Amino acid sequence: MVSNRGTHVLVWEQPGLEDQRPKSYSGGLGTRHWVTFMLFLGMANAYIMRTNMSVAIVAMVNHTALPVKQEALDTECGNVDSNVTKVAQLQDGSFVWSSSLQGYILSSFFYGYVITQIPFGILSKRYGARLFLGVGMLINSVFGLLVPVAAEAGVWWLILVRFIQGLGEGPIVPCSHAMLAKWIPPNERSRMGAAVYAGAQFGTVISMPLSGLLSAYGFAGGWPSIFYVFGLVGTLWCIMFLLFVSEDPEQCPRIKEAEKKYILSSLWGAAGSSSPPIPWSKILLSTPFWAIMLAHMGQNYGYETLMTELPTFMRQVLHFSIKDNGFVSALPYLCMWLFSMFISVVADWMLSSGRFNHTQVRKIINSIGEYGPAIGLFIAANTGCDPAATVAILAVGVGLNGGIYSGFKVNHLDISPRFAGILMAFTNCLANLTGLLAPIIAGYIIEGNPSQAQWKKVFYIAGGVYIFSATFYNIFGSGRRQDWDNPAEDEAIAKKAAAKKNNKLERQTNQNTAETAQ
């Protein structure tokens, strides 16, 4: 059966698969939901491990022993009232680390995280994603338990441990994407994918206030308990994941036969049994792939601006620190988590209704996720001396950003289920590198002159990046499975490769024979 809905072709509507349309499965919660839940917890654990150091380091450092340089503040919103802005004296730690050294400690994790994205994406395609994800996160969790010991041993030991933690966390995104491609039918990917990646916001919401409480009231001297508690929780998750989650439905001993047939009939060559060579040249020449790439890069740049620079703006210009209030700090992440869950259900309803195809749904939902924050940045740049309005815009802007999980974030699974992990590895690697530019560019613009006029430039640039990347995605993006990921052509491609190899061997044999005759 050929679809009549424009360029949209459902996975089971490919040539030769007319009889493999998945039957409706009414078995309630199944094994695929268990896998999704475990991946959600894994993503939450990953973001807890990623962010807990930023809270702990405040309690680790001996602030009174550090030379203090007066921060430049803007007076457009009135002079700073010392009685209002004065905060409680921090309980100093024992480590005398300068601001620049603290920067190296905090960034060491991300260097390890970025460099393992692409290698693990490739390896997971060849050897499977489950083992790399479980063992990688186990390394992350176990070395998290070693952070207090490493800090006492010396700062460079701490940097090394955090770097290794980053290496271990590298598989979380590409391997989660690869497992979603094997376990989740196309008509469920919006909400299942959003559920998994919303674990990032859930982990942040948990990590920020709980790390603060453990730092102040925890055992082992306060801040060390952050790493002991979360490291132990992460280790337990890894053990459960490796014991009770299978690579794909075909290898799962606990899945019901009806659910297995439902999943496999939907995926068409997405399971581990179908593993052709990676078409590198075709991927790099694929416009839909580059649409996802730019959408991902623009999202990370804008997101980092929203989450790292608005609090600085409120401190320097509005004389209000959002970090003084744990609830307000976690509010944007909470809004993003809740909105991503809501919009994912809407996205799947749009698909199941038959009124929209995958391409249309991805573009509509992604537009909310990227144009929304852009508008928020433009408004935040003009809120004037109103901290409450700025906090509200931050919450709404970051909340709308949750649309990206049902937009470009799961689009890898649409265009290429079998290579989704590899595609995500590439886009996530470059997107994280792009995100690092946000604070650098902002710092360059406001250096020594944190006026509202300078901050407007920061917000306008980030909003412009959002709009450009979303517009490029809307023009060139696609929800159709691409021709270079067509299982029906695997046999022909294999025969062509074998024939090419045989021709090469035959030429070498003829050449050797001719040289021998001479």
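Each Cβ is built from the backbone N, Cα and C atoms, and glycine gets one as well.
Database features, via TrEMBL:
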DOMAIN    38-481  domain 'Major facilitator superfamily (MFS) profile'
TRANSMEM  104-124  transmembrane segment
TRANSMEM  131-149  transmembrane segment
TRANSMEM  155-173  transmembrane segment
TRANSMEM  194-220  transmembrane segment
TRANSMEM  226-246  transmembrane segment
TRANSMEM  330-351  transmembrane segment
TRANSMEM  387-408  transmembrane segment
TRANSMEM  420-446  transmembrane segment
TRANSMEM  458-476  transmembrane segment
REGION    498-518  region 'Disordered'
COMPBIAS  508-518  compositional bias 'Polar residues'
Which of 131-149, 194-220, 226-246, 330-351 shares the most C-beta pairs under 8 angstroms with the transmembrane segment (104-124)?
131-149
Could you tell me whether the transmembrane segment (194-220) and the transmembrane segment (387-408) have 3+ CB pairs under 8 A, leaving out pairs under 6 positions apart?
yes
Please tell me whether the transmembrane segment (420-446) and the transmembrane segment (458-476) touch - that is, whether there are at least 3 C-beta pairs under 8 Å between them, with each pair 6 or more apart in sequence.
yes
So what's the average pLDDT for the domain 'Major facilitator superfamily (MFS) profile' (38-481)?
82
Please determine whether the transmembrane segment (226-246) and the transmembrane segment (131-149) are in contact (criterion: at least three Cβ-Cβ distances under 8 Å, sequence separation 6 or more).
yes
Can you tell me which of 155-173, 194-220, 330-351 gets the most C-beta pairs within less than 8 Å of the transmembrane segment (131-149)?
155-173
Short question: most Cβ pairs under 8 Å with the transmembrane segment (194-220), which of 155-173, 330-351, 458-476?
330-351
